[in-house]
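Peer 1: Copying in the features that Swiss-Prot gives for the protein in this structure:
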{"type": "ACT_SITE", "residues": "Ser349", "note": "active site, charge relay system"}
{"type": "ACT_SITE", "residues": "Asp469", "note": "active site, charge relay system"}
{"type": "ACT_SITE", "residues": "His499", "note": "active site, charge relay system"}
Amino acid sequence: MRYNQLSYIPTSLETAVAELQALGFAVQQEQAPKENFAIFLRKLFFHFQDTDYPLSHMIASKDLDLLTFLTSDATLTKEVFDLVALQVLGFIPAVDFTDAQDFIQKIGFPIVFDSQQLLLNLHQLLATRQKSGVTLIDSLVSQGLLPMDNCYHYFNGKALATFDTTSLIREVVYVEAPLDTDQDGQLDLIKVNIIRPKASTAIPSMMTASPYHQGINETANDKKLHRMEGELSPKAPRRITVEPTDFQPLATKPSRLPVNECQETFSHISSYTLNDYFLARGFANLYVSGVGTAGSTGFMTSGDYAQIESFKAVIDWLNGRATAYTSHKRDYQIKADWSNGLVATTGKSYLGTMSTGLATTGVDGLAVIIAEAAISSWYDYYRENGLVCSPGGYPGEDLDVLTELTYSRNLLPGDYLRHNDHYQQLLSQQSQALERQSGNYNQFWHDRNYLPQADRIKCEVVYTHGLQDWNVKPRQVYNIFNALPDSLGKHLFLHHGEHVYMHNWQSIDFREAMNALLCQKMLGQNNGFTLPTIIWQDNQKEQTWKELTAFGGHSKRQIALGDDHVLIDNHYGEEDFKRYSKDFRAFKAELFEGKANQAVIDILLEEDLPINGQACLKLKLKSSENKGILAAQLLDYGKKKRFADIPAILELDSIDNGQQFAREALKELPFKDSPYRVVTKGVLNLQHRSDLLTIEDIPNDQWMTITFHLQPTIYHMAKGDTLRVVLYTTDFEHTIRDNSNYALTLDLEQSYLLIPTDEEE
């Protein structure tokens, strides 16, 4: 384990003492440090009447137990404090370490002992994570240090788990959205599942906008998958034009219906454990699936501002600006009189995507978004540079396939009976509008691009994204983060995992940092917390995170690619083509081993290469036909230790998100030997070699010069490492599987690689 403590808020001695005393630690500024130390330690064992017993099982040095030390005349030193602090945090001498001082350095222990400031040291110790992944104070509260009295209690600017999760209110309401997406003449109703504690004051809300949450239709999804095999068709040259998105909600008016209490409850809904963490700390949890999902009405419009409006309506209801009904009969309205109107949105992938879309509406009441692996432009999810480009791991998926997956109204037989025929008509229109045949950007995709509305965002923004996420690729967060107004509080966590959550990792106190931020923004805590702009996981060191100021450098390093001509054949023999089409992973493995149709350029680095941003290939090439796909990958090549892209479980049920509530596993990305690592990649339709909106002819056997930007990343390579450039045509995971007989020729002498290298240390 290594500490990267973001969440601790430095405080005054007076505040530290007051907070310690409020928790029952009877320390006093006037008392000697060793006496305060003993009082603090004995309070940790509040389950014991005889606290001598647990103290006797700890040590103060290699030859002295802690109880004996505390009752002796020996002085409290840094060595004693550090050794005891490690044990309090769950580290075991002779098991986790032998030399405490060496171990303190190795793990980056965040507390610097000062006998004159011991109470501040103890205050920080309570706010420091144990080996198990929870802070010492959270561990104590989970054991019953404080009662679950449904009132807010804070420590170091963060809410504690004092809300009773054994007696929660679970209710369902139906919010009226200013939409009629299924064209039935009635405003769409949006089902909202609410879980909230029995608080006596108005409370904020965590809202997860999840089109998956009311169920998914995998059968319909699988039937709708598109065939990847086909021929890349040349497109007529033209300039693509689009109009600004102009979504207009329908008119609504305040309801005059009588107000009633909730008429529908539920016992269970699958939850997100970060929400559970905040539920125990006095935040309501809302799960909303939006239009076209089971329990709601409307059509699944998949990514546009109508879908986003269905989630926005819920925030409007929480603030008294929209109507919610107790049932589909629409005969009683229900008020959110328990809400303080402030909302934070959470969730990964589609869920985080809806957070971004919501933020671009500028809706009042949305205080913070915590968007993980979020899409900012749906075109860039299903397309790339004029090509159909399936998300990593899901060849054949497209937006209409996602619609089939998430249109969960068809999982209700009555809804299927009444509405499926009309749904199929609307789905057919959607399938036509997404222009799969051409791969072009068009108005349909522009209406699902949130980047032009980024200047409307006014809430605090937190993004997390994996630099090995080839599902929702890094360009999605790179573009939205760099489009955000400078006036915003904006924060980005970049890790080296794939499409994964990171709130339960051992090496970074993400949960606690979000606690401090949300208490500041949603509970009025003037805690002085400041979250860095960018927190990046160092790819060269295990469990090490660094603070940066920018994603994307302005300095460029030019790297030559060679001095000869290379030919890349697109066509494969029938057996190989069938094998690769059946298993794209076999294609990837052979591509990385240099066994596919490709050009491979190995570059031995003569100096460190700190990549930050979009690597760019400047290439001179020609195609034997009037079409062509160019794909590229950059690899960190050669055996060495690197991060795996999926977090491993360190300890099951290690993290208690409340008081014996919603336990989850502690995880971390393994750091282990591997033969190579994908640094970045991309695909390009050569007819879009100038820009996305310009379609150009490809003249047969005539040289062209292209600029090809790959996916952005932050990745550091060292002197002596090998950077492998892989250039090829068809990508069996992502692009159309075109086996036609054409070839690309590259003039490497007239080509080069540009690497952005601005970095902060």
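Backbone N, Cα and C atoms are what each Cβ position is placed from, and that goes for glycine too.
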Peer 1: Highest CB neighbour count within 10 A among the active-site residues Ser349, Asp469, His499?
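Peer 2: Answer returned by the neighbour count: Asp469.
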Peer 1: Can you grab the distance from His499 (active site, charge relay system) over to Asp469 (active site, charge relay system)? Cα atoms, rounded to a whole Å.
Peer 2: 5
Peer 1: C-alpha of Ser349 (active site, charge relay system) to C-alpha of Asp469 (active site, charge relay system): distance in Å?
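Peer 2: That separation, Cα to Cα, works out to 11 Å.
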